[in-house]
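Working notes for the structure below.
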Amino acid sequence: MIQVLLVTLCLAAFPYQGSSIILESGNVNDYEVVYPRKVTPVPKGAVQPKYEDAMQYELKVNGEPVVLHLERNKGLFSKDYSETHYSPDGRKITTYPPVEDHCYYHGRIQNDADSIASISACNGLKGHFKLQGEMYLIEPLELSDSEAHAVFKYENVEKEDEAPKICGVTQNWESYEPIKKASQLNLNYQYQRYVELVTVVDHGMYTKYNGDSDKIRQWVHQMVNTMKESYRYMYIDISLAGVEIWSNKDLIDVQPAARHTLDSFGEWRERDLLHRISHDNAQLLTSTDFDGPTIGLAYVGTMCDPKLSTGVVEDHSKINFLVAVTMAHEMGHNLGMRHDTGSCSCGGYSCIMSPVISDDSPKYFSNCSYIQCWDFIMKENPQCILNKPLRTDTVSTPVSGDELLEA
């Protein structure tokens, strides 16, 4: 008994290495078991909320102690954020849950100026962070010890499919000449634009996740949490206006032909979704395997158009941020961005608007994307992204459980 107790204490105090494990993110060849310790100070006598606005965790990565600083992503949800699903007889059910006390965070690693983090703290810590130039994933382990987490490098996750994955947008536009060079675009937060996004989840996704709507919503929330961080450097603020789950059946003809699905989705958005939810852009998340290597498709330079401010994204990976980057890529097309060429750069990393998803996880938009996005905004002046949406943390929200049933 004493020997068992000593072993347990040692495991709780020190991380240990594992050679191979199957996690939610996939098969991992090399991982580290860690026990993140929350060190956020709480004033004496104060009641500690479930999710603070700011938190700090100590953990060990590669045997070295690090401090993870997290701040709640307060602008993640729009004021009138809604969730819609469908009953077995096809009735539309819409709720307006209170989301100001949510569990999604951005952050950084202490003493690493180039570090970033996008973390869900809903059930343990789950997400990704960049440390000393390398991307790491963290997720809770399903052990009797609920504090145990796995930390592993992105490169140590076995690839689900070695075939290249691409965006279906082709370079068939007219010759493009930007109005300014990057050095001439001296933008600041006075130029900020605001995109309110609705993510629609098809019936195949509902089946793929075994009808677990909460798990689907958490998947989408974490995706948008990552997208918001990527767009922050572009002076584009992303907020989630709604999640709609086609829990009964698909409301459009979802096909492996991505262009057909995109056209169908855009038409449905114009005649249906826009009349129910105020938003600027809609993205369809589907379990359908698109033809060929395509994992996403969107119209170019169409933000604010009733039909064309849309994209379709295949749920192509168990790693959340890879699907999030794909959705950020497709929305980038809506904002006028083209695919990066060899002359484009984003600080030595793989860029979000690369036409091919590389093994080096994309993190940033390139200098080309920056110019193209703001060239589109300055020339076309899309009106719907000018207004700053009210945030859920600054206004009252409908009472939990408010529900609308529609025939």
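Here the Cβ of each residue, glycine as well, is placed from N, Cα and C on the backbone.
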*Disulphide bridge to CYS304 as given by Swiss-Prot, partner from CYS122, CYS167, CYS384*: CYS384
*Candidate cysteine (CYS167, CYS344, CYS346) that Swiss-Prot pairs with CYS368 in a disulfide*: CYS344
*Could you identify, going by Swiss-Prot, the member of CYS351, CYS373 that forms a disulphide bond with CYS346?*
CYS351
*Given that Swiss-Prot annotates ASP280, CYS384, ASN387 as Ca(2+)-binding, name the residue from GLU158, GLU160, GLU196 that shares the site.*
GLU196
*Could you name the residues, excluding HIS329, HIS333, HIS339, of the same chain that surround the Zn(2+) site, i.e. Cβ within 8 Å of the Cβ centre of those residues, in sequence order?*
CYS167, VAL169, GLY296, ALA298, VAL300, GLU330, GLY332, MET337, ARG338, ILE352, MET353, PRO355
*By CA-CA distance, flag whichever of CYS304, HIS329, HIS333, CYS346, CYS368 among the recorded positions is nearest to ASN387 (Ca(2+) binding site).*
CYS304
*Express the distance between the Cα positions of GLU330 (active site) and ASN367 (N-linked glycosylation site) as a whole number of Å.*
17
*Note the Cβ centroid of GLU196, ASP280, CYS384, ASN387, the recorded Ca(2+) site, then list each other residue of that chain whose Cβ lies within 8 Å of it, in sequence.*
TYR194, VAL195, SER278, HIS279, ASN281, CYS304, ILE385, LEU386, PRO389
_Quick check: in three-state DSSP terms, what is GLU196 (Ca(2+) binding site)?_
strand
